[in-house]
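**Student:** I grabbed these lines from Swiss-Prot:
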- 1-106: domain 'MsrB' (DOMAIN)
- Cys23, Cys26, Cys71, Cys74: Zn(2+) binding site (BINDING)
- Unk95: active site, nucleophile (ACT_SITE)
Amino acid sequence: MSFCSFFGGEVFQNHFEPGVYVCAKCGYELFSSRSKYAHSSPWPAFTETIHADSVAKRPEHNRAEALKVSCGKCGNGLGHEFLNDGPKPGQSRFUIFSSSLKFVPKGKETSASQGH
């Protein structure tokens, strides 16, 4: 079992359609489907955010290799970033709760990020 507590219902774990994952609370763009990859944890995994300010990060208590991440716009809790745990050396793994995400299919990104 991974570091995060598993609550189930991770609808985006095996979801690989082209598009953008936005904050479920405010619609801010967080992750591109291009940065998503299959991982053994039960949560969706991403290697990088869309924008430098897509997420805010703060240290996880007693876990130097883990950071808590939240939406960079509204502060909605998203999950964790695990440093140097991505698919390639030096990459991070963002372990994100499906309930904190909304998926916007390719071609619909602009209207979703503007809250339409």
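Each residue, glycine too, has its Cβ placed from N, Cα and C.
Could you tell me the structural context for the features on the list?
**Tutor:** The average pLDDT the prediction assigns to the domain 'MsrB' (1-106) is 88.
In the three-state DSSP assignment, the secondary structure recorded for Cys26 (Zn(2+) binding site) is coil.
Under the three-state DSSP scheme, Unk95 (active site, nucleophile) falls in the strand class.
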